Amino acid sequence: MTNSNRIKLTWISFLSYALTGALVIVTGMVMGNIADYFQLPVSSMSNTFTFLNAGILISIFLNAWLMEIVPLKTQLRFGFILMVLAVAGLMFSHSLALFSAAMFVLGLVSGITMSIGTFLITQLYEGRQRGSRLLFTDSFFSMAGMIFPMVAAFLLARSIEWYWVYACIGLVYLAIFILTFGCEFPALGKHAQHSQAPVVKEKWGIGVLFLAVAALCYILGQLGFISWVPEYAKGLGMSLNDAGALVSDFWMSYMFGMWAFSFILRFFDLQRILTVLAGMAAILMYLFITGTQAHMPWFILTLGFFSSAIYTSIITLGSQQTKVASPKLVNFILTCGTIGTMLTFVVTGPIVAHSGPQAALLTANGLYAVVFVMCFALGFVSRHRQHSSPAAH
């Protein structure tokens, strides 16, 4: 594979995470405007975003098989057509049913693209380089989470309709579409070259279950928290711009944290530092919820930084529970994390309707505490120390 081809594929991976990050994170910023557009209460409007998350979950789950049937390049190009149709549906329809359908399609497209992006990184890079590349790729999710809420606040403050935010997100996919030209993708399925050594099946162990629960609770807690921060902040009397700045601050420090931890993690035992980070994240989230307005930006900045490496560390630890990294095991943990994404508004919507945004934030805090317990319990059963090689550190 040529170096320019590898660079193109790596950028497709980066942008695939940015696309999903933009779609998932911008929800909290535009939810109120979309609720006004359809003349619905915010809590019931949030349920329609479950279609976006369901699309992401279904596509990540199915793409494990779909990648072996439909070439990756074809999937990405077809995804661009679907993206254009979905954004057009948002722009030209006043039907809630069509809005939900468009959200589902956006979820499908971003889920397929993100699973292709993850696969490309694991194919292109080995050992320690793979781990740092995955962290760097994941940082594009956060980068989009920093940029697009600012774009949304800029557009909404100028009374520009909310659907133009999704048109801007569509530009990320346009870049992916352009990159597919003159680019060779790895072959899969029948066309792939199989290694001569047979793969020995290994038992996963209970540690994988702890990690799967941690992945689900972490993503559900994180998105449940960040999706309702704008509404919570507005309820405290903050302006839309200030509320948007809190979300952007979180993802900015999350992004810097990922870059920092891609160097820091190699000097520590992964399970131990993961437990410390999960505990700190739970404490910092509690301080944000109970703190004063003046301290909120500082707490959310430190929360973003210290929680940035948690999810990627969970996935990395999962891959180290077997001697030979199992794609199905990693996919299982990823799927559990994506279930957390799908459940975000299913869980938090009724809580907000009944008790307000602060109750949703406290629920998210409780989920972070569960992540800490799971990571602590993992220390007694994890196999990563016996399976990790010098190349992994």
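Glycine too: its Cβ is placed from the backbone N, Cα and C atoms.
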Same membrane side per Swiss-Prot: Arg158 vs Gln358: yes
Contact yes or no, the transmembrane segment (245-265) and the transmembrane segment (11-31), 3+ Cβ pairs under 8 Å, gap 6+: yes
The topological domain 'Periplasmic' (32-50) - residue tally per DSSP class, helix then strand then coil: 14 helix, 0 strand, 5 coil
Stretch of maximal Cβ-Cβ contact with the transmembrane segment (273-293) [cut-off: under 8 Å; candidates 11-31, 101-121, 332-352, 361-381]: 361-381
Residue numbers, six or more beyond the limits of the topological domain 'Cytoplasmic' (1-10), whose CB comes under 8 Å of its CB atoms: 120-121, 124, 133, 179, 182-185
Overall pLDDT for the topological domain 'Cytoplasmic' (1-10), taken as the rounded mean: 87
The transmembrane segment (162-182) touching the transmembrane segment (332-352) per 3+ Cβ pairs under 8 Å rule: no
Dominant neighbour of the transmembrane segment (162-182) in 11-31, 51-71, 78-98, 101-121, 298-318, by Cβ pairs under 8 Å: 11-31
